[in-house]
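Here's what TrEMBL has on this protein:
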| type | residues | note |
| --- | --- | --- |
| TRANSMEM | 32-56 | transmembrane segment |
| TRANSMEM | 68-87 | transmembrane segment |
| TRANSMEM | 130-152 | transmembrane segment |
| TRANSMEM | 187-207 | transmembrane segment |
| TRANSMEM | 273-292 | transmembrane segment |
| TRANSMEM | 298-317 | transmembrane segment |
| TRANSMEM | 360-378 | transmembrane segment |
Amino acid sequence: MKPSQRMHGLVQHINAVAQQLGLDMLTVKKEYIFRTWVTISAPLTYAVFGVYWGFLEARRHWLEGIKSSIMLGGLVSGSAKLLTILLRHTPIRDLLHFIIKICEDYEQRGVDFIHALNFGIDRVYKIQRIIFVGYSITFLIMLLMPLVLLFYKGIRITVMPYEIPGLSIDSNIGYGLTYLQHTIPEVVGGIGFYLGDMLVLLALNQIQTFADIFQLKATALNDALERKEHSRYVCNVGEYKDFNIQALLMDLINWHQLFVDYCELVEKIYDNLIAAQVFAASVSIVICLCVNLNEFDLISAIFFLVSAYSMSVYCIVGTQIEFAYDQVYQTVSCLSWHELSCEQRKLYMMMLQRAQNMKIIVLLGITPLSLGTALQASELDFCFGNQLAKNNI
């Protein structure tokens, strides 16, 4: 399959997932249907019942209040994803069409560009499989474990860490209605988490693909510059060969400008979502650690894995983006710039200056999105959760 066909299929898959939630990403006009309102109601119901139940539990004991808020981070990140998709529907749609168009244009420029595009798409598919398997397993366990414990041991636990006022889980009807109500935000949340992550990570991974295309263009320019250098030893005096250097240089500069603009656009669209995802996951890790260091809680243990897993994926991709920025800078630095004319050197220096000052993705203007941030956050989470557990809140 052509890279454009593969990318189109990937975008269609993401849109099919979005349609399950009533959020068509490719439509020109955003429409609110019944499934859209169900999706919007999921975080609202959790916020109302979860906060109310957490307040009641906190009055009995602080630890119970903390236990009832283990999914608060999921509420924050899920709400951020939903709001981003609803409020920035048009730029997200345009971004998806732009990615497909780039694939259509550059698959016609030779085998090397096709290989670079396919390599980038393979990278997205690997992440997609990791995310899908991770979310599917964890959310299925959270949904099925209460039923398993009920049928085999007679223990009644809820899917979400709250109970609905007026419904007692000690009665069969009350427990059944509570389980059904908990299933809706759980399923919507699982699909929404997958959808939001795929939109963000698809956009972020294109930065690496664009860096690979930049390197191919730079290699073509460098080859022309080397041919110009060697030609001086074989050409007659006064003979001049252009080797199409001006056109190759302008093509490289234009692509670098597109690369910079794309990075800034992705950060502008998804900055709040990425920050909410990482910080909410960090808070969830603290709460789940605190609960499980006092006493083992199955739901919080599972949600701990979900939070640590999602934060790690984002930070690892952020580190790969930093490597892509370094790759672009090293590529620009290694050009045979001494073979350029004076006017061409001025253009080259402008591109080099932009490459030296690439704007990295920063979470709320505080810390960069990288694996180092994930490790620091994990260390702080463990220390803080351990201290809370020792003090028993």
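Glycine too: its Cβ is placed from the backbone N, Cα and C atoms.
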Criterion met for the transmembrane segment (32-56) and the transmembrane segment (187-207) (at least three Cβ pairs under 8 Å): yes
Stretch contact, the transmembrane segment (130-152) with the transmembrane segment (298-317), Cβ-Cβ under 8 Å, 3+ pairs: yes
For the transmembrane segment (68-87), sequence-distant contacts whose Cβ falls under 8 Å of one of its Cβ atoms, 6 or more beyond its ends: 18, 23, 25, 30, 39-40, 42-43, 46-47, 50, 53-54, 57-58, 160-162, 189, 192-193, 195-196, 199, 269-270, 272-273, 276-277, 279-284, 287-288, 291, 297, 299-300, 303, 306-307, 310
